[in-house]
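Visitor: Got a structure here, written out as structure tokens. Questions coming.
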Amino acid sequence: MTITAKRPGATLRDSGRGLVERVARVRELGIVVALAVLFGVTGAVNPEFLGLDSLRDILLNSAIIAMLAVGQTLVVITRNVDLSVSSVVGLSAFGGALVLADNPGLPIVVVIAGCVLLGAACGAINGLLVGAAKVPALVATLGTLYAFRGIDYAWAGGRQVNAADMPDSFLSLGSRPVLGVPLLALAAIAVLLAVGWMLRNLRSGRELYAIGSNPAAAVLAGIPVRKRVITAFVASGALAGLAGAMWAARFGTVDAAAATGKELDVIAAVVVGGVAIFGGSGTVYGAALGALLLTGISSALAVLRVDALAQTAINGALIIAAIVLDRLLALRVAAALRRRRYRDAR
Amino acid sequence: MADSPPPVLALREVSKSFGAVRALREVSLSLIAGEALALAGENGAGKSTLVKILSGVHRPDAGRLLLDGEPVEFHGPADAQAAGVAVIYQEPTLFPDLTVAENIFMGRQPRGRLGRIDRRAMRAQAAALFTRLGVPLDPEQPARGLSIADQQLVEIAKALSRDARVLIMDEPTAALSGNEVTRLFGVARSLREQGCAVLFISHRLDEIFDLCQRVTTLRDGGHVADDRIADIIPDDLVRRMVGRELGALFPKQDAVPGEVALQVRRLTREGVFTDVSFEVRRGEIVALAGLVGAGRSEVARAVFGVDRWDAGSVQVGGRALRPGSPAASMALGLALVPEDRRQQGLVMELSIERNIALAGLAEVRHGPLISRAAERVRAADWAQRLQLRHRSLADAVDVLSGGNQQKVVLAKWLARQPSVLIVDEPTRGIDVATKAEVHRLLSELAVGGIAVLMISSELPEVLGMADRVLVMREGRLVAEIPRGTATEETVMAAATGIGGGGA
């Protein structure tokens, strides 16, 4: 016995079409604009910044962070976080380098596959802690951040693997260009496109968004939440393992402290790239662009002879700007929806 | 009961406990193809627990679940869905970041090559569902920002898209307007005629009698009765649910209006409501009626200071109110019992006593510290005055039934001794007995000199309780109808703008 409503005629409300995707576009466009400004201004001051060598360098430097940011996005979308990636990179980089140095005859593909598997195993530990044992991701991966690094130190025992110990065929992967683009950057782009496609087009990809958007509803919808969360962590770990192999190839000299602290750069890239830290929205493309922007800024600051110490503050300001932008966008969308609802009610 | 064929889905002597609370005791129930079964019972009788067992969320401690006569175990919602069970929950369970179409088909999206989701097909299927439901929803719009009624419509479309053998509806109509309820019932009937078994839960008895053939009644977790709807009348059902005779549902006492306690002048919030003016006197109950989405709750939120207003003024007891400041409103004696008690009225994880003290922390303080003893005294006092049914005041409020949760919200505000009480849908989702108690309480408060502004979508409540009825339509106040001339027809005419528009 409620009051009866007369709804407007059965015409479709068209103005809502694609609002979700439009917002994502606007968000990614923002980073592209920021990149353009960055390259424009820096290039005007020092044209060498736009030279091929410089651009190749920036691509190369951002490839590893971008790869990690792609993995991190998978986890963050489910309303979790993986702080342990830097330790997985370190473990995999040192492990891969050591095995190669000790067994020069081993096919490189096998070593890289081993690095990926090692990373996936680390990711599985994170996934089981979070998905099965229900430990909050922040705490679980903070724990494994230290634990994996500890294993790394114990394994290394103060040793260091030098470039001279590794075969040239492996080291050349770190710098060799294919059609003018560094191989590492191509690998990152390939991973980016593959993961981006899966997140958008596969049921399991959409389910990751659903889990982050409303975990309780995901359970009621019959989504295998535990399995999906574990898979996201395993994928993040595997990509970190691959990034470890890339790290060893790129830098040649590896000790147990490799990549320490990089997890924060990765999360910064993800946040700047518009992935909501509470899950449910954002794309891997945004995260990769975020990685490119942050790396680009550090290169630009070096070219502009800005104090390296100021760079940290600038990165921080950028993260805050990104979050403010997200908030403003959300408010605009809410206002738009409110107006539309009001209009439809007439 | 075991004629051929066996029930599609049945419970046999199922029990379920949560800690010390026995939610269900040896309850049996049969869902038969082509038949709608109502599940009746007060809040806390165990209806929601039963639904969660049928939908695979909870597993029974004892007893059996039968699917087509064969014992079956649901290890999770996915199992129940695979067995053909579709559920419309009391509260919408949508993914706010995803589109409406994705919400409907999550996990079952139509796929093309390489397992790729076919978005065009998904959009078309969603649009077809909405056409069948007769609602103008856009499949591509995000679920975030949908009104509660629209969210519920998405839930219905979701259930419909499953081609279910068993459709369970747990109070699906609480947020819907009459037209939408009619459509929902049309869909439910056609599903039933196609051989679907329907389980329907509602506090609105007329809906039960309208839709269902049989009714199973629960009380305090136990099975009370199975009846054929044709054999009973609503009063019988109420007696089975409550276990005793009810007093009047609308115990309105006459009160003499005193001075003006709340005065709202030309209040406007752009895009939400426009030029709203009214006053409420001490001792009066004034109802704010209108369709869902007419802007009633928004006016209440603005008056209380949750939202800002763009133009106009509000006075409480003759003193002007600062816009956008709930603290200032509270200091002048305003109280707001919001529409959504779980989200806005309570901190679900906190204890009853803490929730009651929340709005008056200054009064339970000892220096800089909160005094637990003072909190407890305050809570115990109000729990008794409102006849709160609880085990311990230290229990989290989420173990209480909906009606008792509402009493906690009321207690929180009444403990502040407000001069103006705004209640938004005070009895939504509350059982008949508690409803009558809340009504009696509101009436007593008004007699005691409080000005009450009541927002309600239930016409009987509006007509039964209000001294005056204000009607809103599309963000404007369109009519003021005194108690004497307020009828369903006059209020409806004003709310819909059809047939002359009221007084």
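Positions of Cβ are set from backbone N, Cα and C atoms, glycine also.
Dumping what TrEMBL says about this protein:
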| type | residues | note |
| --- | --- | --- |
| TRANSMEM | A:29-46 | transmembrane segment |
| TRANSMEM | A:58-77 | transmembrane segment |
| TRANSMEM | A:83-101 | transmembrane segment |
| TRANSMEM | A:108-129 | transmembrane segment |
| TRANSMEM | A:135-156 | transmembrane segment |
| TRANSMEM | A:177-199 | transmembrane segment |
| TRANSMEM | A:229-252 | transmembrane segment |
| TRANSMEM | A:264-294 | transmembrane segment |
| TRANSMEM | A:314-337 | transmembrane segment |
Visitor: Using a Cβ cut-off under 8 Å, which residues of the same chain at least 6 positions beyond either end of the transmembrane segment (A:135-156) come close to it?
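Guide: Result: 75, 80-84, 86-88, 90-91, 94-95, 98, 122, 125-126, 129, 255-256, 260, 263.
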Visitor: So which of A:83-101, A:177-199, A:229-252 is most in touch with the transmembrane segment (A:108-129), counting Cβ pairs under 8 Å?
Guide: A:229-252
Visitor: Taking A:58-77, A:177-199, A:229-252 as candidates, which has the most Cβ pairs under 8 Å with the transmembrane segment (A:83-101)?
Guide: A:229-252
Visitor: Please give the sequence-distant neighbours of the transmembrane segment (A:58-77): residues at least 6 beyond its ends with Cβ less than 8 Å from one of its Cβ atoms.
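Guide: Result: 85, 89, 137, 175, 181-182, 184-185, 187-188, 191-192, 195, 199, 208-209, 211-212, 232-233, 235-240, 242-243, 246-247, 250, 262, 265-267, 269-270, 273, 275-277, 279-284, 287-288, 290-292, 294-296, 298-299.
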